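Quick notes on the structure that follows.
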């Protein structure tokens with residue numbers, strides 16, 4: 001039921017009050033304000049407009065995809081304005097097509113209009129220009145995944161529940177005609193697709209500071225001979241560098257920080273860039289060679305796989321843990337009840353998992369998964385925003 005006129009006025013006044021409370025660059029406050037605005041918009045818009053908005057979103061996505069892949073945003077960079085004809089000549093595409101794409105982007109206030117068929121960047125479109133701290137690589141990855149999104153309805157109608165959790169029969173693999181290969185094997189068949197994935201993974205990760213590593217000082221000082229943190233599948237060591245910084249280089253002890261990754265990943269890392277960190281080739285489906293570390297650390301790994309694969313990964317770590325070892329899993333933790341009007345990030349990533357064979361989990365689902373490999377959930381350390389969290393687990397107590 002739509003909100004009444006009186007309710008609309010009251011909520012706008014509430015929005016105004018919230019806006020007046022904002023101080024400086026208060027990102028969390030702005031996020032809360034956006035949530036209120038979005039909820040009001042949904043209550044005011046007529047039902048048929050929901051379809052129109054979805055149609056608009058699909059077309060908008062397609063136009064951004066075209067602009068990125070043709071290099072339009074790159075050619076616009078550094079110019080006060082550029083015409084459709086000039087862009088068309090630069091990318092060898094009919095200028096009428098360029099104009100039609102740009103109309104959608106201008107109407108969405110994403111690109112600025114500088115006269116008839118002339119355009120310029122806005123602060124929003126610049127986010128899609130190649131470079132550090134931009135969204136272009138993540139967008140390109142979602143564009144690859146979108147191919148499988150379109151095929152999921154037919155996949156679900158024709159496949160069994162067991163096939164959905166078979167990592168060699170994912171919607172992504174089937175959409176690209178490569179059933180029998182895992183998501184990562186499909187990616188590896190196309191160097192451009194693999195490069196897109198690797199680039200998107202190097203973009204800013206989850207919120208930091210959720211788990212108090214400083215609280216482990218006493219334990220580490222008491223037993224410095226034990227490895228401090230084993231980062232399993234830790235990429236280029238970004239997390240260990242942050243932990244190193246937070247703990248004053250492991251509280252001044254000789255306790256190790258160990259980065260475990262595939263050999264090909266480790267070969268790309270200059271040891272000088274991760275001073276004080278030990279590189280160790282490792283496949284997390286095999287027996288964990290480092291025993292009784294203070295912390296075993298997984299960041300953005302577990303959500304890439306269905307439960308039966310996660311059990312195989314986690315039992316390797318559990319088999320190496322000592323009585324006081326901790327297992328930390330950096331993941332989104334979904335609320336037990338869906339958060340209406342809140343941040344969509346975790347739900348969007350969960351749908352990515354549906355396509356590629358993984359999933360996001362609730363606290364209850366994490367507890368169940370951990371229990372199957374002899375671990376127990378101790379605590380979920382939540383971040384300030386969104387659904388970012390660290391799941392802490394230990395060996396089950398007798």
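Note: Cβ is positioned from N, Cα and C throughout, glycine not excepted.
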Which of 214, 261, 267 belongs with 233, 234, 283, 284 in the S-adenosyl-L-methionine site listed by Swiss-Prot: 261
Cα-Cα distance linking residue 233 (S-adenosyl-L-methionine binding site) and residue 303 (active site, proton acceptor), given in Å to the nearest integer: 13
Recorded S-adenosyl-L-methionine site residues 233, 234, 261, 283, 284, farthest C-alpha pair in Å: 12
Secondary-structure category, per DSSP, in which residue 261 (S-adenosyl-L-methionine binding site) falls: strand
Fewest other Cβ within 10 angstroms of its own Cβ, chosen from the recorded positions 234, 283, 284, 303: 283
C-beta crowding around residue 233 (S-adenosyl-L-methionine binding site), within 10 angstroms: 20
Shell of the S-adenosyl-L-methionine site beyond 233, 234, 261, 283, 284, same chain only (C-beta within 8 angstroms of their C-beta centre): 232, 260, 262, 265, 282, 301
Local backbone state of residue 303 (active site, proton acceptor), from DSSP in three classes: helix
